[in-house]
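Visitor: Handing you a structure now.
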Amino acid sequence: MTSVVVVGTQWGDEGKGKITDFLSADAEVIARYQGGDNAGHTIVIDGKKFKLHLIPSGIFFPEKVSVIGNGMVVNPKSLVEELDYLHQEGVATDNLRISDRAHIILPYHIKLDQLQEASKGDNKIGTTNKGIGPAYMDKAARVGIRIADLLDKDIFAERLKANLAEKNRLFEKMYESSPVAFDTIFDEYYAYGQKIKDYVTDTSVILNKALDKGRRVLFEGAQGVMLDIDQGTYPFVTSSNPVAGGVTIGSGVGPSKINKVVGVCKAYTSRVGDGPFPTELFDQTGERIREVGHEYGTTTGRPRRVGWFDSVVMRHSRRVSGITNLSLNCIDVLSGLDIVKICVAYDLDGKRIDHYPASLEQLKRCKPIYEELPGWSEDITGVRSLEDLPENARNYVRRVSELVGVRISTFSVGPDRDQTNILESVWGL
């Protein structure tokens, strides 16, 4: 039995899709365990980009099983659109399995998301307006609708009516907005359910059987540790648990069956939306990194905030997710800089701290303490081994590993699959 979890260690957009796609080559089952279509991942195959939001990266391997786990919140409309997109691109989806326990996102969740965000004014949290938070709210409040319910016409109608009665009171009384009509949702979304029903099953059974048979299972996280609702920069977080521990809840697989955790990070840092970002750059260096790194959100299209690599963030992620291996991406983006910086600690009111504070007020006062390293000018996009990197780039990679306290198992020098270099196989192959 071998299982590997892939988690983002920063604020998402670290290149998890690419690394998952890369590791999928040796996996037999690939599963997502949290989030929804608020997270996008881009996979490049033979120079062609595929952008997915719900379906696991393993879908491009027809001989492997791809799983949408129970911890996800699924917009049936988005899922059907994504399936249609893959079919149009000639990608088969017969290997997809969808948990009957996953909750669904409906139009009233999206409307509530938008109204709540607009009402916050300057205190907005930067939601993607995809209805993710309200769907997880319904799940926690025990009024959510699951995929199993969506497939039963009578149950779906009953629960939809009950939810709309509550939501429409909220829309009309609190937000002074128009109600959502039952007829605008029911037929359309029941039809979506019928389109996906052949994929729906108890995915916990599939995953545990695979592990018990010694098959290699890869768990694919969305967002990143710093967006985790418990361990991230609350309240500027997502509504689920991207940390590795979220696997057990979101997939129905026990913690004793998890072997390795691969933390994915960039050689710098990026963030979409509001919230603390101690190493953020506002100068020409930041603009250069944004443009060279094409730092625009897959889901929102918004320019990402960028900054230097933050080892304080990374050590926090290592600790709360139990990271055993590191995958360092986008080293090539830093090529051409005379000096590259790594944040090694924070200065908080004149005191050096090595941990990431929970208090937003303290974070506002934190100043990064940097270590400067000499940069490199060479084009490294064709490098295929650590030894072939320029000395300064090689030293940068080693210093990142030292500061985080985790060995690097892969590093990448570009977006393509063949630009990912293995230092150590996490599968033990």
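Each residue, glycine too, has its Cβ placed from N, Cα and C.
Grabbed the feature section from Swiss-Prot, which reads as follows:
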- 12-18, 40-42, Arg304, 330-332, 412-414: GTP binding site (BINDING)
- Asp13, Glu14, Gly15, Lys16, Asn38, Ala39, Gly40, His41, Thr128, Arg142, Gln223, Thr238, Arg302: IMP binding site (BINDING)
- Asp13, Gly40: Mg(2+) binding site (BINDING)
- Asp13: active site, proton acceptor (ACT_SITE)
- His41: active site, proton donor (ACT_SITE)
- Thr298, Thr299, Thr300, Gly301, Arg302, Pro303, Arg304: substrate binding site (BINDING)
Visitor: For the binding-site residues Gly12, Gly15, Gly301, Pro303, which one has its C-beta crowded by the most other C-beta atoms within 10 angstroms?
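Guide: Of Gly12, Gly15, Gly301, Pro303, the one with the most crowded Cβ is Gly12.
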Visitor: Give me the CA-CA distance between Gln223 (IMP binding site) and Gly301 (substrate binding site), in Å, as a whole number.
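Guide: Cα-Cα distance, Gln223 (IMP binding site) to Gly301 (substrate binding site): 15 Å.
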Visitor: Would you kindly give the Cα-Cα distance separating the residue listed as 'active site, proton donor' and Gly15 (GTP binding site), rounded to the nearest Å?
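Guide: Between the Cα atoms of Gly15 (GTP binding site) and the residue listed as 'active site, proton donor', the distance comes to 7 Å.
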Visitor: Rounded to an integer, what is the Cα-Cα distance in Å between Thr42 (GTP binding site) and Arg304 (substrate binding site)?
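Guide: Approximately 15 Å lies between the Cα of Thr42 (GTP binding site) and that of Arg304 (substrate binding site).
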Visitor: Between the binding-site residues Lys18, Gly301, Pro303, Ile331, which lies closest to Asn38 (IMP binding site), Cα to Cα?
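Guide: When the Cα distances are compared, Gly301 comes out closest.
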Visitor: Cα-Cα separation of Arg304 (substrate binding site) and Val413 (GTP binding site), in Å?
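Guide: Here the two Cα atoms lie 20 Å apart.
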Visitor: Gly40 (IMP binding site) to Gly301 (substrate binding site): how many Å between their Cα atoms?
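Guide: That separation, Cα to Cα, works out to 10 Å.
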Visitor: Going by DSSP, is Ile331 (GTP binding site) part of a helix, a strand, or coil?
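Guide: DSSP call for Ile331 (GTP binding site): helix.
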Visitor: In sequence order, which residues at least six apart in the same chain have a CB under 8 Å from the CB of Arg302 (IMP binding site)?
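Guide: Long-range Cβ contacts: Val272, Gly273, Tyr296.
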Visitor: Where Gly12 (GTP binding site) and His41 (active site, proton donor) are concerned, what is their Cα separation in Å, rounded?
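Guide: For Gly12 (GTP binding site) versus His41 (active site, proton donor), the Cα atoms are 10 Å apart.
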Visitor: When DSSP is mapped onto helix/strand/coil, what comes out for the residue listed as 'active site, proton donor'?
Guide: strand
Visitor: For Pro303 (substrate binding site), what is the secondary structure state per DSSP, taken as helix, strand or coil?
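Guide: DSSP call for Pro303 (substrate binding site): strand.
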Visitor: Could you say whether, by DSSP, Lys18 (GTP binding site) belongs to a helix, a strand or a coil region?
Guide: helix
